[in-house]
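Here is what TrEMBL records for this protein:
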- C:184-211: coiled coil (COILED)
- C:284-516: domain 'ABC transmembrane type-1' (DOMAIN)
- C:12-35: transmembrane segment (TRANSMEM)
- C:280-309: transmembrane segment (TRANSMEM)
- C:329-350: transmembrane segment (TRANSMEM)
- C:371-390: transmembrane segment (TRANSMEM)
- C:497-519: transmembrane segment (TRANSMEM)
Amino acid sequence: MSREAYHKALKKLEDEVLFMGEMVSNAIRKSVESLQKRDIAASREIVKNDLLINKKRFDIEEKCISLIATQQPMAVDLRELTSILSIVTDLERMGDHAEGIAKINMLIGEGPLVKPLIDIPRMAEIGLSMLNTCLKAFVNRDTETARRICNEDDQVDALHDQIYRELLVMMMENPRIIHMATYLTWVSHNLERIADRVTNIAERVVYMVTGKMEEINVSKY
Amino acid sequence: MAKEHIIVPEPIVNIIDLSLYYGKVQALKSIALDISKKKITSFIGPSGCGKSTLIRCLNRMNDLVESVTIEGCIKIDNQDIYSPTIDVTELRRRVGMVFQKPNPFPKTIYENVIYGPRLTGIRKKGILDDICEKALKKGALWDEVKDRLHTSALDLSGGQQQRICIARAIAMEPEVILLDEPCSALDPIATAKIEDMLCDLKKDYTVIIVTHNMQQAARISDYTGFFMLGKLVEFNITTEIFTNPREKQTEDYITGRFG
Amino acid sequence: MKKFLRSGNPYIWLTAGTLTACLLMISGLVVLIMINGFGIFWPHKIVQFTLQDGTVLLGEIAKREPIPHQKDAYRTKVKVGNRDVYGMDFRWIDDAEVVSQTYPVHALAFERREWGNLYGFLQGLRQGDGVKPLEKEAMASLLRESHALYKKIRNIEKKDIGNINYRMEKIRLELKHLTLLQLSEKTRKRAAALNARMAHLEKIYREKEDTLARFYEKAREKEVVVLLADGREKMVPVFQIIRTSMPNEMGAFAKVRFYVAKSWEFIWGEPREANTEGGVFPAIFGTVMMVLIMSIAVVPLGVLTAVYLKEYAGDSFISRLVRISVSNLAGVPSIVFGIFGLGFFIYFFGGGIDKLFFSESLPSPTYGTGGILWAALTLSLLTVPVVVVATEEGLSSVPKALREGSYALGATKIETLWKVVIPQATPGILTGTILAMARAAGEVAPLMITGVVKLAPSLPIDSHFPYIHLERKFMHLGFHIYDVGFQSPNVEAAIPMVYTTTLVLLFTVLTLNLTAIIVRNKLKKWYSTRAM
């Protein structure tokens, strides 16, 4: 492989990471939508598609390893490859969280929800925008944006707090809904974890560009 | 009996159960492998493992060494190159070779490149000029030397000299190009240039390269053979060799746990 | 002390000291040759000695030295010249004998074609019976006249009569050849024609001889009257005088002019007086030509031998034996080569050629006697080991990688040799040639029996077809030195010539070597930029 081909391969790998990010963000959006719409079939679809995400992750990892093994990447290239390795792990976990939400939806079943969803879609919205911005920052090597994203995680944490408290109050008032309400706290928790994973990716972006490992915004959870 | 190795697509060179002796010392032990057309195949292994000896069998450079005996058979294009009917000079025109140390002749750049074609009897200046330009372009050297074709090749840098040697081999339009540690005397930048050039050459030629530098083999080759003590230990797709070697010996060598 | 030894300094001093000793000896030799060689043509003052017994002597001081076993006593060697009058050129005078020593302004040194220098005072010119006084300017024009006459005579003697002789000789040979053939109408006709031409030539020859006689007559007409130191008068034909000088009244500029003129004559002139005077041009020419012929012979011989030995012979016992023998050839005394040359080249080859192609002139040999070709070939045998060894070195210095590069491009062994190896080895080969040339230029012994002569009648190159006459005998600077220094009738007068000739030989070798070095560098460049 010539150096040119190698640099092309690196670029292609980046595109594949973006594509995987797209897959994951689709999964997250759809999982919350299907929860809202009570669409069990869509959730099933999400669970099935998670296998593709996992496969994609292995695929990217393998390519990374083969590039590391044969092309002796150095400095920024090496950081990029190791970062990609870590990013795809995070993305894959995020896909799992989306899958988790889809499974909760399946557990909840056909019935209505204990309360209308207001904050959970907002959390998902913020998380998704964080993910998209973060992937953009990854492509553009934009550390400033990456750092800013980490601060947005605080909003997600706050929403999670709020949802938890709300549901707790509802459960105390009406113990019969504890079962269903707990499901919703899990959904909220999954979304909170997703945002956390985005901050992990942002940290990787910063590392990839600056070469410094730093914890940017310590999550409350 | 030789070990079974992977089957490569479109083999152009078949090495069949090849053994070679220097006097009584056996240097190659029942080597069997096929080399794929228009791919880069690299041979790696510790010093004295026979990889250079093997590559020198492919254009019969070993004929120049006294007391060499060869058993087995090498076929290029299904033609046994050790058959008595073969013309060695003709074979060497089909199988070009580049050596470890850049060895341009003490002539001009132009004369170096057209040395081979001239030997084949081409005399017309126009044709020779074309050959020279084409070879130098393929050798990724044209832009650097086009204004001084008629100055001595010895005035060039080591990397350029080695590329002249490669261009010189290309000028013969060979089917196979053998490279015997072509970068071992060069600095990393010159090495990178030659590696890039080899990757381009693969479009038209079958390239076989012997290298001490296994990273180099990893970087540029499609197939890699690992040799030890005159035996072909493993022959596989390069990525496989470097990420998941099948043999313990290969793994020990490429991870530096050798010996 | 131990530390001092271990530091290596003593060894550095030892090596440096050895080098210095060598340099001193060599430069001493060169300086000695230069001083004596360059000094000879500088005009010396003419001294007039009056001795206690009343003798008056006129001459140049040649040497001054202390008398052995006497304190503070010196003696002087004076070149008194006038060999035809006194019978000897030199006289020793003890300081004690000298009454007075003066430098008469009008003392004249006459350089003559025969009998060496004459010292004296100009009295006048005798033409017919009367004696007229002679001015310096008139003397100069007289000399010019006589030189022109001399040139004419030489022209007739050398060129015209030489040409006629040459043609007559050819006709004679052809006639002889005809008599060897069977008689027929054709041969008879031819013989008649030849005889007619012969007669014609003889007529011209006689005419020329008459002219010559007339010229000689004219030459004897004028004589200069010279008053010698002892009061006697001496008649010197103007024709005999080459040059007159009055060193005692010469200024620096005149001295330099005299010096340059003499040096010029030395290099471009022909020898006189059994080589003790005049020039050495034929010897320079012979040396250079012999060396060139030798190089032309030795280079292919040596190079081809070395190529076979190195490239094809392998490393068997026999090839090693040959190699050692070649190296040891250098240790064979050169006179042995001379004898071999005499036996093999001259008697065997030359005799054979004579029998085949020059049978008409037998028994007088053409090639069957010493000549420049045989001398050159003999010397090329002598120097061939140098070229072989140097070429072998040159061939081994060609990197294996270059040969392999050539083989890998489909070149055969002979193509590789011609296009890559030999061009690369050329500097080595030429270095060998340079060494061989230096060796050959300085070698005398083998030449003495293969063709060198004291005085060659003609150069090996002239205007007669085929222009280069390889069978001719020739003169050689080395032999000239030996001849002048040890075989000359007038050794004492010749000693300065020995030095000067040596100097010329040194310069000739130097020039040959420099030329070869320039050629080598040119070739190196040529090979690296040209197609081969």
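From the backbone N, Cα and C atoms, a Cβ is placed for every residue, glycine too.
All annotation found in TrEMBL is predicted automatically rather than curated by experts.
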Cβ pairs under 8 Å with the transmembrane segment (C:497-519): which stretch of C:12-35, C:280-309, C:329-350, C:371-390 has the most?
C:280-309
Residue numbers, six or more beyond the limits of the transmembrane segment (C:280-309), whose CB comes under 8 Å of its CB atoms:
266-271, 319, 322-323, 326, 372-373, 375-377, 379-380, 383-384, 386-392, 395, 417, 422, 429, 432-433, 436-437, 440-441, 447, 452, 456, 459-461, 470, 474-480, 501, 504-505, 508, 512
How about long-range neighbours of the transmembrane segment (C:12-35): same chain, 6 or more residues beyond its ends, C-beta under 8 Å?
499, 502-503, 506
Could you pull out which residues elsewhere in the chain have a CB under 8 Å from any CB of the coiled coil (C:184-211), counting only those six or more residues past its ends?
156, 160-161, 164, 167-168, 171-172, 174-175, 178
